[in-house]
Each structure stands twice: as C-alpha cells, then as structure tokens.
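Annotated transit peptide per Swiss-Prot: 1-25, in sequence order, evidence recorded as sequence analysis. Annotation comment: Swiss-Prot describes Q102, D195, S196, H197, R477, R482, R610, S673, R674 as substrate binding site. Look at Swiss-Prot and you will find C388, C451, C454 tagged as [4Fe-4S] cluster binding site. The region 'Disordered' annotation in Swiss-Prot covers 524-555.
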Amino acid sequence: MITTRLARMGALAPKSRLLFGTRGMATVADLDKKVEMCNLEKGNYINYKKMSENLDVVRRRLTRPLTYAEKILYSHLDDPQNQDIERGKSYLKLRPDRVACQDATAQMAILQFMSAGMPSVATPTTVHCDHLIEAQLGGEKDLARANEINKEVYDFLASSTAKYNIGFWKPGSGIIHQIILENYAFPGGLMIGTDSHTPNAGGLAIAAIGVGGADAVDVMAGLPWELKAPKVIGVRLTGEMSGWTAPKDIILKVAGLLTVKGGTGAIIEYHGPGVNSLSATGMATICNMGAEIGATTSLFPFNDRMYDYLKATKRQQIGDFARSYAKDLREDEGAEYDQLIEINLSELEPHINGPFTPDLATPISQFKEAVKANGWPEELKVGLIGSCTNSSYEDMSRAASIAQDALDHGLKAKSIFTVTPGSEQIRATIERDGQLKTLEEFGGVILANACGPCIGQWDRKDVKKGTPNSIVSSYNRNFTGRNDANPATHAFVTSPDLVVALSIAGTLNFNPLTDTLKDKDGKEFKLKAPTGDGLPSRGYDPGRDTYQAPPTDRSSVDVAVSPSSDRLQLLAGFQPWDGKDATGIPILIKCQGKTTTDHISMAGPWLKYRGHLDNISNNMLIGAVNAENGEANKIKNVFTGEYGAVPATARDYKARGVKWVVIGDWNYGEGSSREHAALEPRHLGGLAIITRSFARIHETNLKKQGMLPLTFSDPADYDRIPPDATVDLLCTELAVDKPMTLRVHPKDGASFDVKLSHTFNESQIEWFKDGSALNTMARKSGN
C-alpha cells in the first residue's frame, strides 16, 4: 500500500521497539565518552554530544516529532540556531563526519583538491581501488593485470593520499561500500561518498549520501556541505521473510512502486516491526539500491542486528556508545512522512527486475509469462552474484547452500556463473568456511574483489556484440549495455538466491518455488529453500592487509603527474561568466528518452581516462539518442552541415568560440554520481542543459562546474523545440526563484519564448558567475 498524504507514524502503528530496549535520556557523561569512529584512525571521534545538543536546538525551534532521517541531518547542521528548515525547500548547510571516494572518481576529486592549495584534508577521507579492475580470467590474474595497466593511476592515488592525510585501500581490498560497512559506518553519522551507491552504509543507521567530486572537495577542505532538505518517504515493514524471499526483494518491490524517479529529492526511511528480522547486511542491500529510485539516501533505525554486526567487525565499543544514544537513533513517536509505503514481508514474493531498467518489477510467479509476452531471450547465458549490493557473508552462504543442493543431485550451473566477493575480508572468510569451494565446484569463476561486470568492467567473450541474450545478476543497475557494452543484452537484477537457481536451470523459465529439476539420474527434485548464517560463527578472517595508512610525516611525499600522461591531467580553472545573455547559440543535441550518466559519460573502457578531463571528454553523450534521427552519437554540425560524433562537434563549436546547450528528457542524469558527466560538457564549451527533469546528483554536479541545469516550466515545451533551432538564453535573468527565458529560433517559422525553471540559490548563482564552485572557493580563500 502507498499513502501519499502526510503520514503520522505513531497514529498508524505501534512503534517497533529496539530489541535491547530504549533507554531514557542519555546523561552528559554517557555522551562525553571518547569513542573513535573506526579502528584504523586515531583522534577522529564520534560526537554524539554535539549531535544531541544540535537536536535540542532544532526541537525547540520546530516543536514537532522528527523522522530518523531528519535527526541525522539536523544533528549535523553547521548553524542549527539560524538554519532555515523546511523539507523539500530549504538548503541545509551540513558538516559530514566522513568522505569516501572510489578510484575512478577519486582522481578528479584529488586533482580538484590539489588546486585548492591545502596541506591536508580537514575531514576524515578514504580512497578505495575497486573500479579499474576488468573481469577477464579470474581474480588473481585480473588483479595482476589491473596493477600493471593502472600503475600510473594507482601510484598517483597512493602518493596523493599519503600527501594529504587520506586512508588508501589498495587494489584487491574490495568494493568501497563493503569496506565502508566493515570499517567506517557508525549509527547516527553523516557521510558523503563519490559513488551513487554510498547509501549502502544505511544498513548501519548512518545517512550516507552519494555526491560528485566537487561536493567531496568542499568537505575535504573543511567547508559546510549544502543539501536541499529532502522529503522523507517512510517504508513500514511488517511480518517476516521466509523461504526464497530475500532482503533484495524489498527494494525490488519498492523500485517497482516508486519507479526510477519516485525517490528523487527524498530519503527513504525504513521502520516497523519487520525491520528487526533483517540482518545489518540485508538492510545495507536495501539501502544500496535506493539509488535506483533516485533517493538522496536510505536508512534503517539502529537495532540489535546492527549491534551484532558492529561486534562481529570488532567495533563493539561503537555499538555500546550507540546504545547510550539510542533514543535518537530512530524516529520519534508520531513522526510524519511525506509518503508512506507498507510492505508485509510475510506476503512478499521474490522479484526479478528488468530488463534495461531497475524499476520494471515482476514477481517470480508472473515472470515466465512476462518472458513469453515480451519475447525476452529465454536461455540464460550468464548468472552473476556478488557486487557491492549482495556480497555479504549471508548472501554467499545462502547462495552456496543452493549450489550444494544442486551438487548433491549431480548438477552444476548450466549457465556461465561468476562470483564477485565484496571485500578481501569476505573472500578470506568464505574461503575458510567452505562457501567459496562450493561455488567453484558448482562452476563458478571467482572474480577479483572489485566492481567488475557490475560497472561494465567485463571482457565478455561468450556472445558477439549485437546478439540478443539474457543475463541475471544480483547487482543493482541494469541499464542498456551497462554490464557488457552490448545493447542487445537483456540484463535482469534479482537476489543471489534466484541467480543461482536460474543458473542451474539455464533458463529464465524456471521458478524454484514451484518447478522441479532432473538430477543426474533423471529423477525430478525441487531445490531446497536457501539457508545461511547472517554472521560467521568463527568471526571474520581479515585476509591480506590491503590498507595503507597515511604516514605521520608527510612533508617529503611528492605527487607527480607527468605532463605527457594520457591518464592524468592537472586541471585548469574554468572561465567565469561574461555577464551577458547568450544569443544565437546551437542545440548540440536534443536527447530522446532515457539519458543516464552512462549515456552521458560511459564507464567500462573509458574508466582509465577518469583522471584526464580532455581525453575522457571524447565520450561525452556518445550513448544519447538524437531525437532528430533516432541514432546515437550522430548529430549535425550547424556550421558545416555535416553529421559527426557528439564530442567532435562540440569541440568544433568550442574552437569557433560558440557556446551550446543540450535539450534533455525526463530524469536526465539518472544513475551514478560521476561528475565527469558534468565536467565534460563544461570542458567542451557547454552553457546549459535544459530538460523536463533532472536526477538530483547530476543537477548538483552541473551547478558545481558552472553549468546551468534548467527545466522546462511546462514539460510539454520539450516537444516544441526543433533539434536544428538556434536559441537565446537570457542568463542575465538568473535569480533565486525567478524563471528564465529561452528564445527559440526555428530554422523555419517564427521565433517563440519558453519559460525555464531552476533550483539555484544565492551561493550557487555565485558558482555560475565565478565559473565553478572551485573558483568561488579559491576566490574566497584568496588562492
């Protein structure tokens, strides 16, 4: 059920209690303790006392119950006394506790930080090497190859992190989000990360938000971070899962209800008695995939399952400290949500979502019919489990139990089957406890502890590009061509349990809840429902040491960037606005339909250029469909009349000193946090991106780089814009809460005006005028 009115939690249901009981008011002595955020850093403490004091100020001002999401945000306000607070409207200035960067986005973030001229980061920061390892032959061989071909980038990251007091996780350590959950996330905290799936950490009751590199640089430099106060969507869970239903099915169901843009501008807050039946890592899975519905972040209230996970990962002292602050690590009685969804876990079916979009949700009982009705390729070519979304000990244990059931009947995977451990700790633990051996005997290829096929780092050989085929993964995202660069691949996402089951059958036309298989002797049998412990009974095995702490003396550390490098390039500042309206400028491309960050700045083979802005700009918008001809990467140059690639045409306009705009459709920039999708159009001379609507992170990234993200005040005006028109953009009209004018000059016909809306505030307008947020920072600091 979905309720779209303001929903008062306390009036709708009894408040689900913490299993260990809710304590009364914490004393000052309780909150005065010095408890470090993690075991790997010294001197960085959890400040529940300051959070509590900030909340007291806000409570006196608002005089109403607060959601848990609000508590975290308001407890991290830079100025709780004077901050305007209105959900969905105010811009909050916040002080995050941590920053995390993955290696593909860290390069540009650190290059920007270097240009700010500071000696070290002002906020605890880590960098994680997980995106640049391509899946080819298997874990160790792929890791060795990655270390060789990415040596220049890894050396840059290792030296720059050492120079600027940043923790560094080496290649092979694991995926950023799993490392954060295992080491850094803590209840009640606020962190940002340069990856859209940063909300994964919400499984430990922290508000973890994906941002672009420019936002990360602000926080690394000690500046407040700005976020439009999100609305809060409540998801109330009742009942308890059993059998083949997994935590993944909760978010697959929610994605189907809310769609890829239904969470935009909102935090998803899970609550209710059903929460206590989920493991901490199961909650992390749900929070991770909240990115697919556009949510700012997702989170759960602190409970005993989280305490158990903190204890298992050698952070019991954090769990004990959190218990002293427990009353503010959950929603208040009577807290109101802008929208409420209710899900009975006892009735929830396993789901499979896709293809081509993560919000096309189909219950397993209806999936065969959907396959037939839509003509999706029935044969399952590849099953893939793991990734940041589903690679916990519980996930791997349940998957191995199904694989063992098949092996006991003389069966192995019919489909190609791959396993991606989420971290070195997970890999070492499941190797010790036997799950890895079972999955290998089942036919699994064990990939490196890295992102791999989930982000397109997959040198796939079993089908030719352009050949229709089906793959099923436990990943989070399944946009066209994302995993294997084949636009004809039908990619579906589901739980690891169903991936294993379908891989045994080798077909999409299999429902393990009702269908039978034939064993080696031809006898029919049904797979047993998966089983597996949430935490290892013998504790976690940390495996190899893959962490590099910054040295105590950093004065002698040099960061070298070769001027001849094709992977790394020092940044030059963007030019400030000239103070004039832009007249007679071309529309570079009018994008038709879904235009994700994968369409704007592809990953896969382009990841190696993430530290070199000019080189990676050669992939700008090459995946976007041109509304003029229905083709990708084929647009008309208004000066030559010739058709060419989007980046080449943009470079020609830039060489002529001509600015340009892009016209976009709904939810433009959906997907990842990659700021390259904003840096590239700015670098190649773009002025504005004008759309029906934006995804949150991309809109902010464009503002940070001095671009104008604008929306049609009337979305129907998108259809009125001829792709070959020229336009005037009246930039001098830019003001808070005021519309702007786009004057359209069709090639044939009379000119007409279109009204444009925007979400700029005063400080963001400064970014545009100065040329970028980084320029504004430099101007104000005198650098």
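Every residue gets a Cβ built from N, Cα and C, even glycine.
Remember, predicted model here, so these are calculated numbers, not experimental data.
For the binding-site residues R477, R610, R674, the largest tally of other C-beta atoms within 10 A is found at R674.
Within the group of binding-site residues (Q102, S196), the Cβ with the highest number of other Cβ atoms inside 10 Å belongs to Q102. Distance noted between the C-alpha atoms of C454 ([4Fe-4S] cluster binding site) and R477 (substrate binding site) is 7 Å. Look at C388 ([4Fe-4S] cluster binding site): DSSP puts it in coil. Helix first, then strand, then coil: DSSP counts for the region 'Disordered' (524-555) stand at 0 helix, 4 strand, 28 coil. Cβ neighbour count for C454 ([4Fe-4S] cluster binding site): 29 (other Cβ atoms within 10 Å of its Cβ, all protein chains included). On the backbone, the CA of R610 (substrate binding site) and the CA of C451 ([4Fe-4S] cluster binding site) stand 16 Å apart. Shown in sequence order, D130, H131, I133, I175, S387, C388, T420, Q457 are the residues of the chain, 6+ apart in sequence, with a C-beta less than 8 angstroms from the C-beta of C451 ([4Fe-4S] cluster binding site). A Cβ within 8 Å of the Cβ centre of C388, C451, C454, the residues given for [4Fe-4S] cluster, is found for these other residues of the same chain: D130, I175, H177, H197, G386, S387, T389, T420, A450, G452, I455, Y475, N476. Around the Cβ of C388 ([4Fe-4S] cluster binding site), 32 further Cβ atoms fall within 10 Å across all displayed protein chains.
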